[in-house]
Amino acid sequence: MSTLHFLVLAPFIMAVFIPFFYKWFRQIHTGWFVLALPVILFIYLIQYLPMNETPEPLVVPWVPSVGINFSIYLDGLSLLFALLITGIGALVVLYSIYYIANKKDEPLNNFYVYLLMFMGAMLGVVLSDNLIVIYVFWELTSLASSLLIAYWFHKDKSKYGAQKSMLITVSGGFAMLAGFCLLYIMTGTFSIQGIIEFFASNAVFNEALFIPAMLLILLGAFTKSAQFPFHIWLPDAMEAPTPVSAYLHSATMVKAGIYLVARFTPVFGGIPEWFWIITSFGLLTLIWGSISAIRQTDLKAILAFSTISQLGLIMALLGIGSASFIDHIAEVAIIAAVFHLINHATFKGSLFMVVGIVDHETGTRDIRKLGGLMAIMPVTFTISIIGIASMAGLPPFNGFLSKEMFFTGVLNATALDIFNVQALGFIFPIVAWIASVFTFVYCMIMFFKTFTGKYQPEKLEKKAHEAPIGLLLSPIILASLVVIFGLFPNLLSNSIIVPAIQSILPYGPETYVNIYHWHGLNTELLMTVGVVLFGSLVFLNLKHWQEATFFLRERDPLNRLYDGGLEGLVTVSKGVTNVQLTGLLRDYFAYTIVFMILLLGWTFFRFDALAFDFINVSEISPYLWIITGVLIVTTISIPFIQHRITAVIAVGVVGFLLALLFVVFRAPDLALTQLLVETVMVILFLLVFYHLPELRKEKFKPVFKMTNLVISIGMGLMVTLIAFSAHAMRHDVNFDVISQFFVEHSKPLAGGYNMVNVILVDFRALDTLLEVLVLGIAALGIVALVKLKVKEGSDV
Amino acid sequence: MEILMILTVGVIVSVSTYLILTKSLLRVVLGLVMLAHGAHLLFLTMAGLKEGAPPLLGEYASSYADPLPQALILTAIVIGFGVTAFLLVLSYQTYKAHKTDDLDELRGSADE
């Protein structure tokens, strides 16, 4: 175990203590205890900057026999994410201390346990090198996210959102697991670095599985990172407390999919399927998210769709960038993706926090009720304008820089002459530009509707005023980062961006990153100018647009698919359950027996196992004909007997005849036991039957009766066939008969002459001991049942 | 003889399956007892009939019947006895509580 292992486990360990802190120090907000952890982790991680050497995976064996190890691999990409998780985590915890008041019935312990669980799981996802470990942590993040969305679980919408996010992300995660397993089949290892090396050095592998593995892993990534059409869970996840939205649903968890895609770029990058799928889904998400954002009236919903759109942007960049394995010109897309990832975390984090503040101080997030807050909340206003300007892509903030690089990336993509890009590549810049226009428009909506216009105190639940400093601190820090990264982008370039790119593109030429504002009057700048002009035009004419029916529908139309699907699933499940679980013992027995018959029949058919042998049989003594005849006749008569005592005696007769057969077949011990047991059994039956009602004629419908008859004859037939075949084949198999062992060793090893007894009490004494235990349990159960007094109508 | 025994087993299994599928709780219990009988007989038949002396070393025979299946069947008989006794008491209590032994009438639970 290294320090880095403890770094992943630390949040989980901390989570164990949270309930105690919550209980013992009730006056102090639990968040203060939590805050220390991400701060310490962040400071520890920042020592690794700048990352120059390639690290070795630190392996702790977990299930080494199947290649599952808890191995940590901290390279540039992991470090970038780990810093985001701990850094934003610290700010979010600080913010939450002021956001969620320490009231009497506020379950703060739940909140922080879930939050720490998420933090640990997310660190596990980005730091692990083993795919199975990643999967475990991946699903843990889904679970934590779901729990946090449902934090205010008395609200129906919270529960709905939690269930939705859970269902979508977990099913994606499951697909991802299948993809991982396919990778394991191809490469024989679960280690990501091992897999990358495998594909780099081996040209021969099971290629049929390559594309399915890729698709399944992408399914996991797309569901987690809210790519179209799986994005619908993210807007509903906004029911979570705002610190959670800022942390999980914009800065970290939703980027796990992006991490996964970046992580697997060295494996799958350079093939057309990877390029086209990721790029097209990314661009589609980008434009869909930005168009949807304009329709929203809830500030948080705008941010949710904006997050979806920005995630699509980063995804598309990673898709385009994967072409740099073939043409180096595409590398700028990867740089843009990494840079925008950082920028998005800063400006979107601050914006979420600002929206939380507005909600906290005015009681609403509805842009139709808000307005004129500029003068009332000056600090909040200042933070917002920085965040919004950065999101809109305006200089001198960091969003401008990455937006320009994004344009460069898509423009360079058109110059590629691989994967048939020359035919369709011209669409990339067009989509990018249109989506940017819409992005600009929703930025303007957010800004103008909230902070300018008329202040309408009568529509607000609370009297608006500036937030306390504690609440403002975290967004101020993030907003300053927006400015700092905007003015001095090269602070990041060599320290963190270049190492991250080396992990995404490990075999490429050395990356050189220099980010600056002024590139001259190039296409990118003209595109930005166009975005600003056209965006403003759209915003000014928004009134006309909003009358269109398209705008009246706030909910994403895809939700209907999900809701309908879920409803259908429940209905179908209920139907199947009702058909299957009739509550009748007879039906359950029938299912079991029919299934057995079918399975055995199919096995017979499959292995062509039917065989008969009428030659190797021993002769039949005449008296045996009589015994067997009586046995069969008695057996057949039992179902027709209407009198209970007669039925019991008939069954007893079968038992005694069986004992007789045991005598004939050289099994004296069996005969003795059978006689004894049968006697006791008949007495017991008679005792109990004395109290029970008379057997009645079965009032089954004829069809029903026929079914029963067919099933029972089928079962008897099947057993007969098996017996015939087994008998015929018993001399064909090459097993050594182990019985000879008992014959030879009964005397010398156990000192007994009766072999059956020796087996029972000596060679297999443990079996007999457990048998005694079973009898003891049965006896106890019987005593308990006899003594039990059940009142009429009550359940046993 | 094996053929005859196999056919007997087939009949016993058919009848016991039929009994298990009926509505009367007691017939079901009887069916389970019969099914156990059938299984024991089948097992013994499969081990080979009439091959050698009873598995007692005092017989000084040249060959003995296979002792292992006998030991296993013995265990099965005893376990079957325990289970049957339990089932009987259970059906008795069920009858006392619900005044019926018809499985059709016993379906469902109070909280449905």
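From the backbone N, Cα and C atoms, a Cβ is placed for every residue, glycine too.
Automatic, uncurated: that is what TrEMBL annotation is.
Note that this is a predicted model, so its numbers are computed, not measured.
Annotated features, as they stand in TrEMBL:
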type: DOMAIN; residues: A:65-112; note: domain 'NADH-Ubiquinone oxidoreductase (complex I) chain 5 N-terminal'
type: DOMAIN; residues: A:128-416; note: domain 'NADH:quinone oxidoreductase/Mrp antiporter transmembrane'
type: DOMAIN; residues: A:630-694; note: domain 'MrpA C-terminal/MbhD'
type: DOMAIN; residues: A:706-787; note: domain 'MrpA C-terminal/MbhE'
type: TRANSMEM; residues: A:6-25; note: transmembrane segment
type: TRANSMEM; residues: A:165-186; note: transmembrane segment
type: TRANSMEM; residues: A:198-223; note: transmembrane segment
type: TRANSMEM; residues: A:244-262; note: transmembrane segment
type: TRANSMEM; residues: A:274-294; note: transmembrane segment
type: TRANSMEM; residues: A:332-358; note: transmembrane segment
type: TRANSMEM; residues: A:370-394; note: transmembrane segment
type: TRANSMEM; residues: A:426-448; note: transmembrane segment
type: TRANSMEM; residues: A:588-605; note: transmembrane segment
type: TRANSMEM; residues: A:620-638; note: transmembrane segment
type: TRANSMEM; residues: A:645-665; note: transmembrane segment
type: TRANSMEM; residues: A:768-786; note: transmembrane segment
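For the transmembrane segment (A:426-448), the neighbouring stretch richest in Cβ pairs under 8 Å, chosen from A:6-25, A:274-294, A:332-358, A:588-605, is A:274-294. Touching of the transmembrane segment (A:332-358) and the transmembrane segment (A:6-25) is ruled out by the presence of fewer than three CB pairs under 8 A, sequence neighbours closer than 6 excluded. Same-chain residues lying 6+ beyond the ends of the transmembrane segment (A:165-186) with a Cβ under 8 Å from its Cβ atoms: 67, 131-132, 134-135, 138-139, 142-143, 145-146, 149, 195, 198, 205-206, 209-210, 212-217, 219-224, 230, 232-234, 236-237, 260, 267, 562, 566. Away from its own ends, the transmembrane segment (A:620-638) comes close to residues 647, 650-651, 653-654, 657-658, 660-661, 664 of its chain (Cβ-Cβ under 8 Å, at least six residues beyond either end). The list of residues near the transmembrane segment (A:6-25) in space but at least 6 beyond its ends in sequence, with Cβ under 8 angstroms from a Cβ of it, reads 33-34, 37, 41, 44-45, 72, 82, 108-109, 112-113, 116-117, 119-120, 123-124, 127-128. Mean pLDDT for the domain 'MrpA C-terminal/MbhD' (A:630-694) in the predicted structure: 87. Look at the domain 'NADH-Ubiquinone oxidoreductase (complex I) chain 5 N-terminal' (A:65-112): DSSP puts its residues at 31 helix, 5 strand, 12 coil.
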